[in-house]
Amino acid sequence: MELMPKLHEIQKELQYYTRFFQENKLYHSSKWTGELLLGLTQEEDLQQSQFAMQFIQKNTDYKYQFIREFVPEYNDIILVARNLFDLREFKKCASLLQNLIHKNESAMFLYYYSQYMYGELRKEEEMFENENSKTAINPELKLLERELSKLYNQKQLNQLNLYLYGLILKDTMRIREAREVFIQVLNQLPCFWSVWLELCKLLTEEDTLDELPNHWMKLFWSSNFNLEKFKNANCVEQFQTLLYYFRNSNFILNQIANAYYNNQEFELSLEWFERLLSIDPYRFESLDTYSNILYIKENQGELANLALQSFTNNKYVPETCCVVGNYYSLMNEHAKAINYFQRALKLDKDCLAAWTLMGHEYLEMKNVASAIQSYRNAVEIDPKDFRAWYGLGQTYALQGMNQYALYYFSRAVISRPKDARMWNAMAECYDKMDKKNESMKCYERANQCKDKEGIAIHQLAKLYDAVGKTDKALSAFEESLKRKDEEQIVDKELSESLLYLAKTFLRRGEKERAMQMAKRLYDFNGPERDEANLIMSQLNK
């Protein structure tokens, strides 16, 4: 781990950036640094944990000093313009600042930023008026790009105006240039979290990161980047290290909870979400993910409480609508669930969770066409989202269209190559198409990916048996039986494993082991008992 500054220096830096971003109307970044400031570990906390104190002392850069001081802007025109910006009178704000843009850097940023926000407002209005419009664009982009490009070439843009220029480059699909500009911003304002998030979207795992600032904020970005790329173990390890410095950071707790959720470790994820809500009971971010876990665990009471609490706190956010939708889905009221997912999409048309969950509901109602459309909308928003690709695959698989299902499952595998569920789905399609070799390869990959549901190993055993790979079949059935015993599961797969092993041991002359398996078959009603009687009669000859 890279060295961190002293806690006092981190505190000074976060205080500066919280006020700086707030003054310049960058509310999301100000909120992020402010909440991180409140989550900072206090000296009295360290007195209670000797290990934490020793860890911080060992990993502290005592030479690091933050020397900037925040100086508020007292220009009367700028003060009035900021009020107009808060009132969303963006055009009036820009008009008031027009004569100051070449005299004051704060005025220049607010002038161009208010025009950008006016364009965003117009774009939202157009999309609201025309619900079928998916191509609405910010009408101010061309003018802003022309003016800021000229100033950029003349090196007249400060760090905030560079950020705005980077946003415009990204919106006009000049990705490489946008990336370069964002890196320039971070080298001047390393605590600018919104810029780090933009880079998460623009960088890939293959990109070199040498140009990023050597600053402690890079640890947060690296951890978040690992979460975005589903490197969940790395993410948890890094964020748990940062918890020594930010003991009560709701951001870190949220990211760890999401990492465990991505890794299907739902019990652990639930624990971290509960800890998060004990610190921040009125939050709405990520509550949809928390509700997904309660839905999976069929915890109707807790999900009902969460839905009521979310609705009471803030019913006009997409996350609340998704929580309530999940509650109705668990109650098998799918029409009401769809209604709430549609509400979420009215509040945010790019709400990925709402499109995907709505696809699941349509599938439950056997409305295949609407399910496919919902999943396709999710894929258009984020082509890397495996859930939507997986949903499309399931939809086509249910229709018996295995070739189409294979394509969509393969896209899901590209997004989540270490997720056993994706490989299992592909294997099942190949099996239905009587392509046993391809099916075996997929199940083998699923087994290598630590298939938590145990589907792969049992299906592999049956396929090995079908193609005459007796030793592999025996080993796979034994592993499947061991798993069932450890999890205390009694089902058809258990009886299949016992029957195969009993017959195999009988054929090999291992009478004692064959008898053990046969006796266990008496626990089942039906043909299993007949098979057990047959095996026992052969053993008694």
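Backbone N, Cα and C atoms are what each Cβ position is placed from, and that goes for glycine too.
Here's what TrEMBL has on this protein:
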DOMAIN    9-257  domain 'Cdc23'
REPEAT    250-283  repeat 'TPR'
REPEAT    318-351  repeat 'TPR'
REPEAT    352-385  repeat 'TPR'
REPEAT    386-419  repeat 'TPR'
REPEAT    454-487  repeat 'TPR'
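Averaged across the repeat 'TPR' (318-351), pLDDT for the predicted model comes to 94. Within the repeat 'TPR' (318-351), the DSSP-based counts of helix, strand and coil residues read 27 helix, 0 strand, 7 coil. Taking DSSP states H, G and I as helix and E and B as strand, the repeat 'TPR' (250-283) has 27 helix, 0 strand, 7 coil. Mapped onto DSSP classes, the repeat 'TPR' (454-487) shows 30 helix, 0 strand, 4 coil.
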